[in-house]
Amino acid sequence: MPRHCSAAGCCTRDTRETRNRGISFHRLPKKDNPRRGLWLANCQRLDPSGQGLWDPTSEYIYFCSKHFEENCFELVGISGYHRLKEGAVPTIFESFSKLRRTAKTKGHGYPPGLPDVSRLRRCRKRCSERQGPTTPFSPPPRADIICFPVEEASAPATLPASPAVRLDPGLNSPFSDLLGPLGAQADEAGCSTQPSPEQHPSPLEPQPASPSAYMLRLPPPAGAYIQNEHSYQVGSALLWKRRAEAALDALDKTQRQLQACKRREQRLRLRLTKLQQERAREKRAQADARQTLKDHVQDFAMQLSSSMA
């Protein structure tokens, strides 16, 4: 299991990406070290009962380098390695109330980009109730509140034709200043836009073939609908099958090359043995010839000495 930061609200894990970003992890001092209390006090993390400070029993508690100031590290050697100083204490932590408020907002907030239907209906009802001649002024709506459905907002050209958008001139609405220029622009666009023969060709004219007709239709890869959320995801089974087949083919080819190299080595060994045997025979023949010559010289010397005597 990879190391992770134990600070409240910190989700940093010891991965290749974090190491490339220069984030390091440092273990919590042991219980006999006086700096342990400072680390836990600055962490502001409560125990499971919520009464006192957090005092873990595990020896594998780490804090990432994002909770330390820059002056807490020192440069070691020429490799650029940053080491934590002996008396360093983590001081950069988010307050507990801020973390709770963030978690509450994330838990009860609406996801961005997806409007709530009931919220839109209530907003439209409030907008319709506020419309009237006695209303002096209505503040503009907030940017995060959408008072119109998505269908009407996505097609502004159809707003002038909608009966819900047409308002009486005597009524005041917080959206009248927005709908007026929008409706005028839509009317001008509708009047200026006229069908042309270039935009609507006759069906009798021959159309050129689409390039997509000549393209190869490839099926989607296996598991394409699965979202890749982790770096250790399995991936496409077809791709892994092709890789396995390629690896098996490469293994078969390597084995054939190995067998051929072994046969070549055996032939070279046999040839070397024959050459060594021929060399040994030549050496023995030369030794025999020298011995024979030596014997002949000795016999000739003996005959010569006997004849002179």
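A Cβ is built for glycine as well, from the same backbone N, Cα and C atoms used for every other residue.
For the ranges 1-35, 176-210, the feature annotated in Swiss-Prot as region 'Disordered' maps to 176-210.
Among the residue ranges 129-132, 133-136, 229-232, 281-284, the one that Swiss-Prot annotates as motif 'HCFC1-binding motif (HBM)' is 229-232. The 10 Å shell around the Cβ of S210 (phosphoserine) contains 8 further Cβ atoms across the protein chains shown.
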